Amino acid sequence: MSNVTHQPKIGFVSLGCPKNLVDSERILTELRTEGYDVVPRYDDADMVIVNTCGFIDSAVQESLEAIGEALNENGKVIVTGCLGAKEDQIREVHPKVLEITGPYSYEQVLQHVHHYVPKPKHNPFLSLVPEQGVKLTPRHYAYLKISEGCNHRCTFCIIPSMRGDLVSRPIGDVLSEAKRLVDAGVKEILVISQDTSAYGVDVKHRTGFHNGEPVKTSMVSLCEQLSKLGVWTRLHYVYPYPHVDDVIPLMAEGKILPYLDIPLQHASPRILKLMKRPGSVDRQLARIKQWREICPELTLRSTFIVGFPGETEEDFQMLLDFLKEARLDRVGCFKYSPVEGAGANELPDQVPEEVKEERWNRFMQLQQQISAERLQEKVGREILVIVDEVDEEGAIGRSMADAPEIDGAVYLNGETNVKPGDIVRVKVENADEYDLWGSRV
């Protein structure tokens, strides 16, 4: 055990998705509450925590490199996060890591920190920790994680093996956290999980309580409650269950943002079956049409995989045909890559890398054209924009159709009389395939 007499300092690196970021925020909040200082430099710290990602091979490599960098610069390293579920893989490369825990193992991480860098006797920082906790996002938006794990067994994914089955947070806890965020100045709440639509399934949608009132543990009830907070509410990772239809009217009424992030993954029924994903493309197209009739302002974001094992040119053409008909607003596309432990690794007819690359290019070319056409329709219109950054040249923000980091931006050239978090009305003057340009009205 170390004998720490100074204010103990912890270095921290957070990798991966927003769900991992929320885990990091929770650990950092606890450390700050206990009196630890969090520092940006490894060589200044008494030890380093690396919160890893292990979803795809490139993420594993990035995590292993971050661990190595921390070991080289500091020497005392605790590893947590998704890759931590594969301890042998980490120890094979970095045997000198002090401790390894899996994802959302907050208590274990803190116990290990206490062992190697004991808690300070006095805690001058306690009163400085904000009620909403330590946040790694800008002050005006925050991620709200509503559950852990996932009950699906998609063949390309290993998340359930790392994060387990679905565990929904009590709805009272979720709503109380949301209220604290809004009280602290947050203007946009981004609801995240592995499967937001499944919220409450594991507890049979039991009734919880918030402010003494009964509230059902479900995505729809959660959206209804969040809409009362008077801030932007954005839904991510929404699996296309039937009850998703019930949140569209809330969007049409302006209660939550008209934005749905639905990872569809493919459009060939045969490939979707191999992926163990729902496979009725015609039904999905009909629902998209119905959603847009109810809520014309709806923005649809999705992600797809090309080059999945067994994908033929015919399967890929079905995907392109789906894109042409669905005309989604925001789309991400990944070339399939094997992930250790994923069922898809055992499938026959692996697609050659050059074919994956060629299909990815065709996919992106088509979607960029669709996206450019969708954004061009906004030129001349007035939209609301939340400001993210301001400098001497102007401001950069996002419309209701744009989530941070993954979607486009709205550029307000010369607009310096605003601050981050302001929501302003903008007339759109120009557009390309991803971004908009405009002036404040």
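Every residue, even glycine, has its Cβ placed from backbone N, Cα and C.
Feature annotation from Swiss-Prot assigns [4Fe-4S] cluster 1 binding site to CYS17, CYS53, CYS82. The [4Fe-4S] cluster 2 binding site annotation in Swiss-Prot covers CYS150, CYS154, CYS157. The domain 'MTTase N-terminal' annotation in Swiss-Prot covers 8-118. Summarising the annotation, Swiss-Prot assigns domain 'Radical SAM core' to 136-373 and lists sequence analysis as the type of evidence. Look at Swiss-Prot and you will find 376-441 tagged as domain 'TRAM'.
CYS82 ([4Fe-4S] cluster 1 binding site) and CYS154 ([4Fe-4S] cluster 2 binding site) are 17 Å apart (CA-CA, integer value).
Take the CB of CYS17 ([4Fe-4S] cluster 1 binding site) and look out to 10 A: across all protein chains shown you find 19 other CB atoms. The binding-site residues listed here are CYS53, CYS82, CYS150, CYS154, CYS157; among them, CYS82 has the most other Cβ atoms within 10 Å of its own Cβ. Regional average pLDDT for the domain 'MTTase N-terminal' (8-118) in the model is 90. Residues in the domain 'MTTase N-terminal' (8-118) partition by DSSP class (helix H, G, I; strand E, B; coil) as 55 helix, 22 strand, 34 coil. In this structure, the C-alpha atom of CYS82 ([4Fe-4S] cluster 1 binding site) lies 12 angstrom from that of CYS157 ([4Fe-4S] cluster 2 binding site).
Broken down with DSSP, the domain 'TRAM' (376-441) shows 1 helix, 34 strand, 31 coil.
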